[in-house]
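Copied from Swiss-Prot, the annotated features are:
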ACT_SITE  Thr2  active site
BINDING   Ala157, Cys160, Thr163  Na(+) binding site
Amino acid sequence: MTTILTVRKGNQVVVGGDGQVSLGNTVMKGNARKVRRLYRGEVIAGFAGGTADAFTLFERFEGQLEKHQGHLVRAAVDLAKDWRSDRALRKLEAMLIVANKESTLIITGTGDVVEPQHGALAIGSGGNFAEAAARALIDNTDLTAKEIVEKSLNIAADICVFTNHSLTIEEITIDAQLEDKSK
């Protein structure tokens, strides 16, 4: 599988993931790009699960973002509805983490759209390791969100055999006005 982690701290939202693609117990590729920008660069999305399935979901999600003019929550809810009700989509085995300046969400194939309670959220085989590390670093260090994502993904890669150290990290800087509204 893989590990995708997002951290929201200060004026940063960061999503990162490793690059390992496995087929069973065999590493097929080590530098896949599982985190990418969508909707004019305003949204960052990362996937864990089947690569082909994830690309299908990226396309569908980007379509929903266009339909809802970049409104992340509406697009996520509509994707989750489609994913749950469409026979072909229901068979897709992947999960998405999506984030913009206002929200961070996880979207699952069972129709769940969840916003994290804490500043970190992770999916994939190494997700629990990465999220635990990130939460500890958020609470106990002055590291930036990007530094936390990098360190946490490396910890997950040290523990999880389906996660490697080839990282893709994307970040969004939150405007001061938006940051004030969220407090």
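Sequential numbering from 1, following the chain as shown.
From the backbone N, Cα and C atoms, a Cβ is placed for every residue, glycine too.
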Sorted by sequence, non-Ala157, Cys160, Thr163 residues with Cβ within 8 Å of centre, Na(+): Thr3, Asp18, Gln20, Ser125, Gly126, Phe129, Ala130, Leu153, Ala156, Asp158, Ile159, Val161, Phe162, Asn164, His165
Rounded inter-Cα distance in Å - Ala157 (Na(+) binding site), Thr2 (active site): 9
Close in space, distant in sequence - the residue listed as 'active site', Cβ under 8 Å, 6 or more apart: Gly17, Asp18, Gln20, Val21, Lys34, Phe47, Ala48, Gly49, Gly124, Ser125, Gly126, Phe162, Thr163
Thr163 (Na(+) binding site) in three-state DSSP notation: coil
Other C-beta atoms that fall within 10 angstroms of the C-beta of Ala157 (Na(+) binding site): 21
